[in-house]
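Going by TrEMBL, these are the annotated features:
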type     : residues : note
DOMAIN   : 56-392   : domain 'DUF4220'
TRANSMEM : 12-34    : transmembrane segment
TRANSMEM : 46-74    : transmembrane segment
TRANSMEM : 119-139  : transmembrane segment
TRANSMEM : 283-304  : transmembrane segment
TRANSMEM : 316-337  : transmembrane segment
Amino acid sequence: MEIFPETLKKLWNLWEIRSLLLLSLSLQIILIVFGSRRKINYSHSWIGILLNVIVWCAYISADWVATVALSVMASNEADCGQVSSKAADSLQAFWAPFLLLHLGGPDTITAYSLEDNELWLRHLLGLIVEVGVAFYVFLRFWSSNVLTLLSIPVFITGIVKYGERTWVLWSLSSKRFKDSLGSSSDPDPCIDLFYEYKPVGLRLVMKAGIGREDRNLVQAYYSYKRLLYLFANQIIDEKRYHSYDIIKRKSAEDAFKLVAIELGLIYDVLYTKAAIVYSRIGISLRCISFIFSVSALVLFSIIIDMHSYPQIDITVTYLLLAGAVLLEIYAFTVLFSSDWTKLWLIKFKVAEHWQISEPLVDKFWKFSSFLHSCSSSKKRWSESMGQYNLMNSALKERQRAYLGHEKFSCTSKLLENYQYLTWENVDIGLRERIFRYLKKIAYELQYTEVISFHQGLDEQLSNKGEYALKHYGFGDLLVGNEFDQRIIIWHIVTDECYKDDLHHVHGDANKLDQNCKISTWLSDYMLYLMLFRPSMLPKGIGEIRYDHTCVDAVRTYGVLPSKHGRRAKKGITSNNCHLSLFKQANNCLSLLFEQAQGLFNQAQVEQAQGLVKQAQGEQAEGLFEQARSLFKQTFDLLKQTRYELAHEQAQGLLKQAQVEQAQGEKIKGLLELKLCLFKLADAKDLLQAKVEQAMGMLKQSEDLLKQAQARDLFKQAQGLDSHFRDFENGGKRRWKMISEVWLEMLAYAAQNCDWKEHAQHLRNGGELLTHVSVLMVNFRLNKQVM
């Protein structure tokens, strides 16, 4: 019994190779048109998400489809040797080089992610195998037909394209990428090309011949050359890094444009064939490839007898040829409209020894300027930032979950988070505020001595909001040592203050202070980073703390915040800590562990003290009781091993021990133990077992304490909020302080984010945090600028 009828099998055999060829061509069109759109992708919109999915599917499937098509051609022997199939066989020999062309991929996307660059060896093996298979198909169907000769230039072009892709992936692998950069103290040819030193003060001045509209591009290229070292985790030599002299004279808008151009160049290097395309050999290969593709199309139309081949095969061949030519034309358009071509032409204009080709350069310059002007008005990145608010969005769903369901699947949790995720354009006011803040820090550090400069820089880069609070007289309100703690606490504080001010202006957000808006944007953005981009922030347990804070918020508020932020509190069900009991237990435990230093290793005791000091309420009281019982067992054990004869080497093993009860009564006693030498080993083993048991108990208490701290964040935030409600309620000074706290935390996050993470998110439209990091580098506010 046949599952598929004979007619369906014949139809499949007829269209198998042809459909794979057309599918491969379609995937190449998708990649070359939409591949470069990723760096300006609106990843928050449904269109952007759809484009991301389409590009990802096309990138994953392109190589697979071309490989399968080649293997089908190589194994297709159904009609081999028959006279009726000679024409079809010669066409298959002509089609095989086009699959090599497709395997080479477009210029606009070489790697979908940075990890693809590390797989260059696999692509090299694929190059050898696929070229071998294509050559086998080519030789197998070789004939004296002119069509076979026409496939030779296409075959050469396909090998070149595939080789280019493999070479680019190899050159961008982490080890090779670092080696290719050399040292940042080496002479920079970029300075010799575009700049010259003035005798007075050795100032770096741009050469004559560079127009005013092109200065931003040249300056960005200069900074980009140094920025590459940071993405390779290397150090920048400050003496040869003059970006501060460039950035300090710019406005906030121009500075962010400069950074956007820098990151655009970085994206091109990491994810496209820019490393080879925008070179002399790359442009030469593009011209050869274009000539070969056009000549193959023209000669096929003129020489080949159309009646000798099936009409469907002629149509497929024309589509392949036309597709190849159109893709080459589109690639040339992208090439001439890019920043790289503009920079390349600027080099010709300022170089004296190229004056002989000045008329040709001028023609290319006008054409490139026209194309560049058409594309320069477009965004260079998404210019948006994620917004996620705990009280106004997640609380609603969390309250439903808390009241009805205790457990959620990972899928439902992910959908829940994305359901309440919104996006906000990076406002010019926010850019201005960030720029002025960084410029102020750089200016203050500039006129300090070398030693104090580095000391002040370290203090600034480790600042997580302390300076702003101390400056406004709230230094005693420093809460949360860990960064994710501070994000959650200040997010709640900002949200509460915002809703109070919004109520005072009767819900009209336009009447709010600008610093209020900036604080709210940064507050929601930092929470978005913590939940959706945790790898860009310092390591912590932010998601766990967020979950516990949501539960506390639901317990605290019986109803959700209204439109204007007014809430009706229904019975606050909080488990208040008994402060006196906590202090009593804490003092007892601290004293107990101080006096037990002779029994335990010094480092272990200090760790135990740090954990015990954090214990609260009933947990601290229970921990104390367990610890006291444990020590009592230990002392009883040591008493049983007491002997009259003492050895000099055994003296001093145990020091004075003082025991204090939880009620505060102090009972001091001196325990003098003398151990016999032949019983010492057993006593030490038993004591070590007790020590391990105690450390296990303290490790369990550490986990409990972290959960307790996470649950208590909401209450800490409420305490801060109560302080700020009376601090010039609705005034500018309060919001200026809160905005400075968020700016300090934003700069701290930008400094501590790994450059590899910044590079990863360039393909998703970029993050504001990445642009802040590059701005800080330009202002020399980075430890890697030495």
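Residue 1 is the first one shown; counting continues down the chain.
Note: Cβ is positioned from N, Cα and C throughout, glycine not excepted.
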*asked:* Any contact between the transmembrane segment (316-337) and the transmembrane segment (119-139)? By contact I mean 3+ C-beta pairs closer than 8 Å, pairs at least 6 apart along the chain.
replied: no
*Overall pLDDT of the domain 'DUF4220' (56-392), taken as the mean*: 83
*Excluding the flanking five residues on each side, which residues at least 6 beyond the ends of the transmembrane segment (12-34) place their CB within less than 8 Å of a CB in that stretch?*
4, 51, 54-55, 58-59, 61-62, 65-66, 68-69, 72-73, 76, 78, 92, 95, 98-99, 102, 105-109, 312-313, 316, 319-320, 323, 327, 330-331
*the transmembrane segment (283-304): which same-chain residues, six or more beyond its ends, come within Cβ distance under 8 Å?*
146-147, 150, 153-154, 156-157, 160-161, 164, 277, 317-318, 321-322, 324-325, 328-329, 331-332, 335
*In the same chain, which residue numbers or ranges, 6 or more beyond the ends of the transmembrane segment (46-74), come under 8 angstroms Cβ to Cβ?*
16-17, 20-21, 23-24, 27-28, 30-31, 34-35, 37-38, 92, 95-96, 99-100, 102-103, 105, 109, 112, 126, 130, 133-134, 136-137, 140, 764-765
